[in-house]
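First the structure, in the form of structure tokens, and then the observations on it.
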Amino acid sequence: MAGLSGAQIPDGEFTAVVYRLIRNARYAEAVQLLGGELQRSPRSRAGLSLLGYCYYRLQEFALAAECYEQLGQLHPELEQYRLYQAQALYKACLYAEATRVAFLLLDNPAYHSRVLRLQAAIKYSEGDLPGSRSLVEQLPSREGGEESGGENETDGQINLGCLLYKEGQYEAACSKFFAALQASGYQPDLSYNLALAYYSSRQYASALKHIAEIIERGIRQHPELGVGMTTEGIDVRSVGNTLVLHQTALVEAFNLKAAIEYQLRNYEAAQEALTDMPPRAEEELDPVTLHNQALMNMDARPTEGFEKLQFLLQQNPFPPETFGNLLLLYCKYEYFDLAADVLAENAHLIYKFLTPYLYDFLDAVITCQTAPEEAFIKLDGLAGMLTEVLRKLTIQVQEARHNRDDEAIKKAVNEYDETMEKYIPVLMAQAKIYWNLENYPMVEKIFRKSVEFCNDHDVWKLNVAHVLFMQENKYKEAIGFYEPIVKKHYDNILNVSAIVLANLCVSYIMTSQNEEAEELMRKIEKEEEQLSYDDPDKKMYHLCIVNLVIGTLYCAKGNYDFGISRVIKSLEPYNKKLGTDTWYYAKRCFLSLLENMSKHTIMLRDSVIQECVQFLEHCELHGRNIPAVIEQPLEEERMHVGKNTVTYESRQLKALIYEIIGWNI
């Protein structure tokens, strides 16, 4: 049947062939045949009706609406085509046009109930929740005789559940969806609604349970969808955006699973959830999947991530989180001018997609670049408002515990956690203003003011440790904050940031706790050896960075003989230890060494100089494909490919050594 044209079909068989294609869900082929037939008979009711149906099944809703519009004009007495046109326009997110067409059917009692449902759905999608609720509440009394009472009641539960969800009443929404699921039996889309409501109420375990059921049933009933194939590295064809895929709710389930894992900071599991979903070509991806791919691969592929988010912002509709996430990522990567431009160009989106908190936060962060004092005042106002909320919620939690009211405790604790998630970024933005000025005592002062709320928060503890470390006379206090972080992950120590381990080792050394430093380094070495045994080709940088930071410390103290030697040994073997980050630390020490040599403030033995030259030659050999600098993702002027390598920079450093010591190259 593949590639069959109208001319090849025997006389009298055309209709049978088209219906066979539709029965087998081969809608694209049916569209080809029908398109050719309609060129010969453009007013064919059967042809237009089947073409509209096929377009609808292919989710080409705008094209389906055009077919039904033509049918409505050709056969105005058949109002069902207006209803189909309105439904297709709604699916195409053309809400104003859908409302206009649906309004024409309101006076027909046969369609009244379905039109009310459609109007309620349109208002829901437009964000008019009171209008949608008003229409939903009319439905039960209007539907008498059209459907069985059980189905009618289930639909009512689902509709109210959706409204409650949009209104932020997630627990109540869960109850409605759960009741509907019990009444109707398993339905993938309804099970997904329940999982989404659980997710929004932070009941991740319950959400994952329903997601697992959707995935298991999808795999069992439709193995042809290729779930998990991409993750396993199997090259598979796109399954397309078929009706079957839509009915399984697999795409929605995997996206929600990715979001939960991302929230729980299980970033690898989040990425795996996205690759586990049925394979589709990039141009076939839905907006939510595209948004999540951009977000979860941002660290590895930031340029691609920005392109996807910018593309989504031009679509209608786009995931509501897109606008805020793009602005936050611009600020994270310090593209403050771009963030300001996007805000200015999309002023109409601010009220709809940014909460007052997020807008005020972004405004303050962008202001930091030109008026840090003004920005600090804005952030201080925001912090003051949030601390007031935190105090009130603390009292509510205490009162609820006193009254043994579990529901009130749960509600207050959830609100407290949500407020804390807003407060921490504001606090860090305030601290960053003084951090950039290297005014570390002021940063410490800001953190001390927040100890009442943040003393158990990992991000706060980590940054307190960093600011104490940077003051150079508070290593003992820094240990008090670094140690709990490291001990928390001691069994999987490579999950701890290398710089945290390095700073803790330096703090131990600076407080004469050399045994503790050595023990920690042995632990890291043992973990890396085990990992190397399991995956011999994997590069590991933790111990290398620890040694580099220790070497840097000795260089900073003027002990270049020992410091440079430590730096050189830390990068052996070069094929596993040399990378962009490790080269960054190493070259800083060499540049400091060369600066002091050129000023004649230090003298090095010939053997040390020879060791330096040999080291740079090794880096030259192994660094051909290693970038010396990771370029910013949106830079207009890209660095020269040949110059942005460890090889090129190591040659430059070697040439400088020869020039300073007067050797001939």
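Heads up, residue numbers simply count up from 1 along the chain you see.
Keep in mind that glycine also has a Cβ here, set from the backbone N, Cα and C atoms.
Note that the structure is predicted; figures quoted are calculated from it, not measured.
When the ranges 116-143, 508-535, 620-647 are checked against Swiss-Prot, the one recorded as coiled coil is 508-535. Long-range neighbours of the repeat 'TPR 2' (45-78) within the same chain, counting only residues 6 or more positions beyond its ends whose Cβ lies under 8 Å from a Cβ of the stretch, are 15, 18, 22, 25, 27-28, 30-31, 34-35, 37-38, 84-85, 88-89, 91-92, 94, 97, 241, 243, 246. Tertiary neighbourhood of the repeat 'TPR 4' (189-221): same-chain residues 158, 161-162, 165, 170-171, 173-174, 177-178, 180-181, 227-228, 247-250, 252-254, 256-257, 259-260, 263-264, 414, 417, selected by CB-CB distance under 8 Å and a gap of 6+ residues from either end. Helix, strand and coil residue tallies for the repeat 'TPR 1' (11-44), in that order: 24 helix, 0 strand, 10 coil [DSSP].
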